[in-house]
Amino acid sequence: MGTSQAFLVLSCLLTGPSLIVCQLLLPSILPNENEKIVPLSSSFSLRCFGESEVSWQHPMSEEEDPNVEIRTEENNSSLFVTVLEVVNASAAHTGWYTCYYNHTQTEESEIEGRHIYIYVPDPDMAFVPLGMTDSLVIVEEDDSAIIPCLTTDPDTEVTLHNNGRLVPASYDSRQGFNGTFSVGPYICEATVRGRTFKTSEFNVYALKATSELNLEMDTRQTVYKAGETIVVTCAVFNNEVVDLQWTYPGEVRNKGITMLEEIKLPSIKLVYTLTVPKATVKDSGDYECAARQATKEVKEMKTVTISVHEKGFVQIRPTFGHLETVNLHQVREFVVEVQAYPTPRISWLKDNLTLIENLTEITTDVQRSQETRYQSKLKLIRAKEEDSGHYTIIVQNDDDMKSYTFELSTLVPASILELVDDHHGSGGGQTVRCTAEGTPLPNIEWMICKDIKKCNNDTSWTVLASNVSNIITEFHQRGRSTVEGRVSFAKVEETIAVRCLAKNDLGIGNRELKLVAPSLRSELTVAAAVLVLLVIVIVSLIVLVVIWKQKPRYEIRWRVIESISPDGHEYIYVDPMQLPYDSRWEFPRDGLVLGRILGSGAFGKVVEGTAYGLSRSQPVMKVAVKMLKPTARSSEKQALMSELKIMTHLGPHLNIVNLLGACTKSGPIYIITEYCFYGDLVNYLHKNRDSFMSRHPEKPKKDLDIFGLNPADESTRSYVILSFENNGDYVDMKQADTTQYVPMLERKEVSKYSDIQRSLYDRPASYKKKSMLDSEAKNLLSDDDSEGLTLLDLLSFTYQVARGMEFLASKNCVHRDLAARNVLLAQGKIVKICDFGLARDIMHDSNYVSKGSTFLPVKWMAPESIFDNLYTTLSDVWSYGVLLWEIFSLGGTPYPGMMVDSTFYNKIKSGYRMAKPDHATSEVYEIMVQCWNSEPEKRPSFYHLSEIVENLLPGQYKKSYEKIHLDFLKSDHPAVARMRVDSDNAYIGVTYKNEEDKLKEWEGGLDEQRLSADSGYIIPLPDIDPVPEEEDLGKRNRHSSQTSEESAIETGSSSSTFIKREDETIEDIDMMDDIGIDSSDLVEDSFL
């Protein structure tokens, strides 16, 4: 640049660019005009002069148009000249032509130079042809824009339209329409010589842009290993017109891969990602992203430094030394600073053993402070002596490993571990041994007090010197922190006190010991031995008392309850001992012969017996006799007497084991009940299972797991239990084995048991679709085993149990242990409900679970009985449902495979119920489900259960059953005959034409009795007024009649009202009573 040129530049800087002189800095164009019109198809040239090399910018490049030529001319002056020549000019050559200095132009700056605008009018082309990108007009929101529809003739009038609507806007033929336009398509129109010309659509698109770029740079990490992939992202928010450039070490190698992702929700976000795969150490350095807004000249950049290592590394820096101490019970923390990549694994060891993380006294913790920096802490909480040792921290990853070990000592105050009189010499000498511990190791000193009475005063103690005659002191170290000292006295003539003192920097420990002269020691030894013996005796007595109290006691399951609230929801147990016992039930012991044992338990047994004189029609009758073992306690005798009184209170019924008599005087208590020929229902079902399966082949034979049997070995099955000392089951009365008899009086007459005649009936309603032969119904309520066990037999058992429980409910009696093992089967397949707990070893029976001092049949109990100890008739209904499951699984154990534990209790609470057994119909299973309702009020009563099951049986079954029941009540069965005297008095003053009228009256009372138990809760009991012993028989009969009447009126029950036979006289009744002994004494005092 010459001197004149430099002067011009300086003048422009001082005076401003508006001066004419500054224009000299730009090149010159000839012709020197702002615009020029060139005829179509003509040629024109433009000449550019400048101080340095110059170039041209024009509407069409030389590559696109061969009609354009640019050349450089040489001249004698110092100026540079470039000529642009166009031949055969067309409308496409219309536009700006600019000459500029080459050295003033950069890629990012706009062209600065001299301009001239050339028009080439074309009558066939009013508008300059558009380029590929000219039809898209991008503008920032709410900013002005230019729609570049340019004309080839400056005098052409142009209009702008948007969807057919004229848009007012200012127009410049060299620029186009300028204004603020809404988004959408626009078309320019022009009319030349009567012809209308239209441009193609210009689409205006508004972009969102702000004055700030809001640039954010992020990288997942700043430290990498060789071979890993570097990923860096830059995000721009709320801007759509952004130009972003990356600068990074690998840029020159074009190693990076860039991507752009646009996210529009919830706000506009442009995410630029740079990925450098397989990084090397050369890729370490600064990574920069620079964003520039295309429309507002706003620029922002972010930088992050990334380091790439050949491999991973680990560095540790502990904040403590190799030897550390901690005071006893002190809280101490040891911190190690770690720098590592990749992420390290940190572990602590104590004496080469890994510390468990969940220790409460020693804890370890790792916290990440920065990308590659970590802090690991070892914390001792209330340090203990055993915390001393060598601690090691190990930090490692796949490429490197570092460790650091330090020794920790717990400083412990001195204390005395042991002070004993260790040795007695033959001449009266004694040695005292003192063991002390502490860290640092303590020193031991000895002190002596010769006046025992003044040893409480420290001034009476003197330090024992090591050089005293007849006294020897010595010390030995035992371990790191334990020391032992000994002092020996040649002779001790009187009692003295010796004190051992242990001292270290943290504290002092001391203990004292008395040395007794040998003459006094023997006296103390004798006193100590007597005291120890006394303590042993007292402890033994306490243990025996506890064991005796925890021993299970016999408890009768049947309970009579009485309501204490109007709705029956609250009740109390009636004390059975308050119930009266009528001496008419007394039976002479010499009229009873005892035989084989039928069942035996922890508290008593049931034996087979023969009774003489119980019934006029059967002078000799086979009976079952309940009795206690000889070792029974008074509480168990009282429980058996309570059972007797409850049975007398209940009265007779076909489907309970009826009381026949009792022996309560001059010996052990015997309760005489009916003899049940077939034993308990469980064993009966087991025994007849094969016959049932043969009649019902459609029922699959399963693996019998619920019976505990082995199906593969049929020869090992035993459905009849012959031994009762172990499980207490009732024996099969048909079993002909040799048993041990307990004779009291030998009689040779043959026992005869009255047989209840069976009845025929129709088939059940629920089986109407099946054809039932008469032979299939013959074995119901009969002993005919030719047909085997049938499904109708199971329904018959179900019905009879419901009727028996209905009777107990009418008497306010709660069974509490209703199960198939407590249901017996008599001749005629008559079901008898009983309480067989006396003759069952419940302590070894898996069906009973220990609860305190009693055993409970949990699997048969209702939830309110298990969890709330609440027993009502409705809880018996639940047990009845479990009994049905036993019957229709042919004697299976409820909840097969489930143990009675917390899981079992939780399942019952959550509503778990057993599935339908194999041999139950859907109607029968529906009964079970109703019985197992978790809400007691929604369970059916036994009255309704009887009706439901009755509908499943043949139509004539109920009539046959009622006839058998009525025949039973009309018979001279001992249970009926002994109650008839009271019931006959209820008919005093009432005249009947015949026995049938009386039966009809009784049947009406029976229906009332069944309805009285239908409430599902508790019927109020009449007041019990025991009969005075001195009243005669007639007075007692009148009282019993009144009581029965009151009970019938108040409870709606006529269970105690029976039929007086027409041929029966008072003399007959008296003769029956004469069989017993004197009734003046009701029971021995020892049982009350």
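From the backbone N, Cα and C atoms, a Cβ is placed for every residue, glycine too.
Swiss-Prot lists 413-516 with the feature domain 'Ig-like C2-type 5'.
The feature N-linked glycosylation site is assigned by Swiss-Prot to Asn75 (among others). Over all protein chains present, the Cβ of Asn75 (N-linked glycosylation site) has 9 other Cβ atoms lying within 10 Å. Secondary structure at Asn75 (N-linked glycosylation site), taken from DSSP and collapsed to helix, strand or coil, is coil.
Sequence annotations record features per position, and here Swiss-Prot assigns N-linked glycosylation site to Asn102 (among others) based on sequence analysis. The Cβ of Asn102 (N-linked glycosylation site) lies under 8 Å from the Cβ of Ser52, Glu53, Val54, Ser55, each of these being in the same chain and 6 or more residues away along the sequence.
Taken from Swiss-Prot, the feature N-linked glycosylation site applies to Asn178 (among others), supported by sequence analysis. Counting only same-chain residues six or more apart in sequence, the Cβ atoms lying under 8 angstroms from the Cβ of Asn178 (N-linked glycosylation site) belong to Ser144, Ala145, Ile146, Ala169, Ser170, Tyr171, Asp172.
Annotation comment: Swiss-Prot describes Asn352 (among others) as N-linked glycosylation site. Taking Cβ-Cβ distances under 8 Å and a sequence separation of 6 or more, the neighbours of Asn352 (N-linked glycosylation site) in its chain are His390, Thr392.
Annotation comment: Swiss-Prot describes Asn358 (among others) as N-linked glycosylation site, evidence class sequence analysis.
The N-linked glycosylation site annotation in Swiss-Prot covers Asn457 (among others) and is backed by sequence analysis. According to DSSP, Asn457 (N-linked glycosylation site) is assigned to coil rather than to any helix or strand. Note: Asn457 (N-linked glycosylation site) has no non-local neighbours, i.e. no same-chain residues 6+ apart with C-beta under 8 A of its own C-beta.
The N-linked glycosylation site annotation in Swiss-Prot covers Asn467 (among others) and is backed by sequence analysis.
According to Swiss-Prot, the signal peptide annotation covers 1-23.
Swiss-Prot lists 24-527 with the feature topological domain 'Extracellular', giving sequence analysis as the kind of evidence. Taken together, the residues in the topological domain 'Extracellular' (24-527) have a mean pLDDT of 87 on the 0 to 100 scale.
Applying DSSP to the domain 'Ig-like C2-type 5' (413-516) sorts its residues as follows: 6 helix, 64 strand, 34 coil. Secondary structure at Asn178 (N-linked glycosylation site), taken from DSSP and collapsed to helix, strand or coil, is strand.
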